[in-house]
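Features as listed in Swiss-Prot:
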DOMAIN    1-143  domain 'PIK helical'
REGION    187-210  region 'Disordered'
REPEAT    212-231  repeat '1'
REGION    212-508  region '11 X 20 AA approximate repeats (PPC)'
REPEAT    244-263  repeat '2'
REPEAT    266-285  repeat '3'
REPEAT    288-306  repeat '4'
REPEAT    309-328  repeat '5'
REPEAT    331-350  repeat '6'
REGION    343-421  region 'Disordered'
REPEAT    353-372  repeat '7'
COMPBIAS  358-376  compositional bias 'Basic and acidic residues'
REPEAT    380-398  repeat '8'
COMPBIAS  383-405  compositional bias 'Basic and acidic residues'
COMPBIAS  412-421  compositional bias 'Basic and acidic residues'
REPEAT    420-438  repeat '9'
REGION    435-489  region 'Disordered'
COMPBIAS  435-445  compositional bias 'Basic and acidic residues'
COMPBIAS  446-455  compositional bias 'Acidic residues'
MOD_RES   449  phosphoserine
REPEAT    454-472  repeat '10'
MOD_RES   454  phosphoserine
COMPBIAS  466-475  compositional bias 'Basic and acidic residues'
REPEAT    489-508  repeat '11'
REGION    506-544  region 'Disordered'
REGION    794-825  region 'Disordered'
REGION    841-847  region 'G-loop'
REGION    988-1012  region 'Activation loop'
């Protein structure tokens, strides 16, 4: 199937990005093989992993452009899990489309923008081309702050949000008919809208609040390209009154009225139609309330019975010399805007200074001109409204004001109060060069020669015309206006300034224009965040200020934490180091309170959007380290007030053990049924968790378990459905074998009955029943289900023996260890870390001043400096993928992914795992416990249901981490890097040595994984590997896990291969690192051979001598028990 077009994203001009590449050139090739690739990208198989992997494998620009366009349709949570690889490819495999995509997603998520900044900062410190990385980093920063679409972390305290309104001032302008759109004379004492250039918000006399920047009020009056198209092709569209209430402001503003014969209504008549309406129907009775906006405005300058002739264009009428004969109008006929624009110089006029109108302050000019005006209007409008509109730039150069041309707003900190009042709204938008007035007049004169079209329609054709590249012939009106495209430079200049979609700087073209000019085309990036949130957004100026503040304050917060860890290294002794840590945290807390004013500080880790409010100084813990000073802190956070709809709707996925998925939405999507061959559909979609081949399952059963006994059929059971009448008759029969009945209601509401008949087997004899001493069942339950886990928990709560678990251990009897354990002050139910996380959380919440606020939560992190933790981030990312692989296969192998956030090449934030303790700390705290089994017996009470459940959790986690340690060659596995949680799971941390590097450069830990005597004792085995139920369960889980990982070998290998040129210590082996990783998956072996392979790996790891010697070395050198 040939591919028609490729979508491409170009770094140069955002107005043309994404653009269509109409020439196929050599993208597809002669064979057209890439056509299948495009179909694959458009299928249901497409996900984040496919996008990232093909971005790495395919260097062709067309493929990368198409992939980046498709990535816009993927959820941000999935993209975030591969952000490390994406940023790495940005630096080492640059692509304009990839740069554009990363810049765009930085504007959609604050957490992504922060992580991109830190990832690029780490690469910036290593790379030689610092200018290119710094330029991308700056663009991402601008996209996240000035053009950000993410909701601010908090709202300003002095802002009141009104539901159903996007802007309070616009809402007031549109809804207040009496104050703004009525020609009735207002009393002198009427309260008017006041405007102030202060950066805050202004309170009206009647109590309502208004933003300060006047330009911000009208910035949305700039029509978008879609509105321009609607004006050209939908000029006379009929709309109901109900639809007019539901439609947006600009549709109601720019829509034409229903008909000229109907009675005009102010709200239903379009703004520009009233602006351009000719005075053809002079005899028609038009009331004050039905007159057009500008018609009423200009009525004081024209004749009372006729405004102008219909043949004159708009601007010619606007620029007409007002020296003509004008009749003196009385006070009752004064128009509304005439009163608003009345010169404030004359103190003896009817309106006093306190009643200055809203628009009067908008259009007020600070310096009067010396233009000559008739005496009739000298007291009313000295300079004239139109002269203010088209005032030339010569006085603007004297008062240079900095304007944000991207979104049409003027920041309060860059303008003084006099400049705010000096420049009116229309003056700013219609500001032109000195020859603009002449050009506009010439254009209007030229338009008079076109008699077929009305002057107002030709005006729209000139104003809202489409760029030649974007022009599409869809109607005869557009084809007839081809001559208007090549209009005068003055109009083109005017329009470029008004809509700012062509002549922009490089920064504007890539960042500021992307928000306005993304066009929806088939296959192009979809606007996923178009759905409005429940709360109205902030005005853009305030929102961008808050976004900018939150972005920079979050960066400074993390930098202060990391610099604290870096500075504590030089402080001795340790007691002074703890004092210095608390003093530094106190200073950080002071900055936290100040950051609340500028937008808050984002907590960059975990799910959801939270802002940091406080760090309890007394809860900080300085961790043990000889050369560095890592520390652990608890952080009080509050959930952001305006979370995105996607984050609030996504429920947190939990595993069987209650651990959230590390990858979240990044799961591989299940293809539709039609994508599979017919003979494999049922096999793929079956719900069974065991997906091994039949031969593999038979091999495991033959090696691990005895044959099951033969079942004896004792009874025959038959079911039948009868009508209510016949069922009742049979129910009355005393000679009936009905044991139970249940009513059932059919579709016709006739009552039916289900008859259950149980009869004994006539051919059964007592000799047929076997002896009760039959071989045991397969109690190891090769793939335990969630139901089985719940059975164990329920049985443990009742104090009964759970089904499917052995009652006695097959290993050594450790009953004599019970008094020693009790003597070590460890009691059943004691917390491993001294205090359970929930208890600590409740205690801190009660003591905190923020604890009663909604959305309060407590997070714990480790701040580490002095180490390059990018390798640690890669290891945790790989563990997350192994976790997802086991979850997709339905295997009970247990892993605990955690987050490592790299903030530079030598600093990082690490998520702490609550309610855990290392084996070393457990032995140190309870000196009378000499082995890990002693701890299990003391904590869970031997042979109790909780003890069996803890053993099961230990085995499932041991199997998962054993496979990970073998495949990734994780070293340095001493007891300080092995944690235990409250449920008995074992957790591995600290992945500084993996793949090809080892401690000291000597591969002393040569065993596939750590399986020492004390670990085997917990599984009811010993150093010789004596069979036991839990040890057999461990073997089966290792076999199933290894076979499942082989199916996803390319997924793991490619993820590592993407970073092989990064210079991480784990890649010091060069290309052999990837080759050896591939060999460890043994992709050439059959599944039966893999069973024998895994069993041999377990045998070689049983209490290996080198593993024991390494533990002894750590005990002697570092005191690790």
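Even glycines carry a Cβ here, placed using N, Cα and C.
Keep in mind that what you see is a predicted model, and the values were worked out from it rather than measured.
For the region 'Activation loop' (988-1012), the list of distant contacts is 867, 871-872, 875-876, 898, 913, 961-966, 968-973, 976-979, 1056, 1065-1069, 1072-1073, 1076-1077, 1097-1098, 1100-1104, 1106-1111, 1113: same-chain residues at least six beyond its ends, Cβ to Cβ under 8 Å. DSSP assignment over the region 'G-loop' (841-847) gives 7 helix, 0 strand, 0 coil.
Within the model, the repeat '9' (420-438) shows a mean pLDDT value of 45, rounded to a whole number.
Residue counts of the region 'Activation loop' (988-1012) by helix, strand and coil are 3 helix, 2 strand, 20 coil (DSSP-based).
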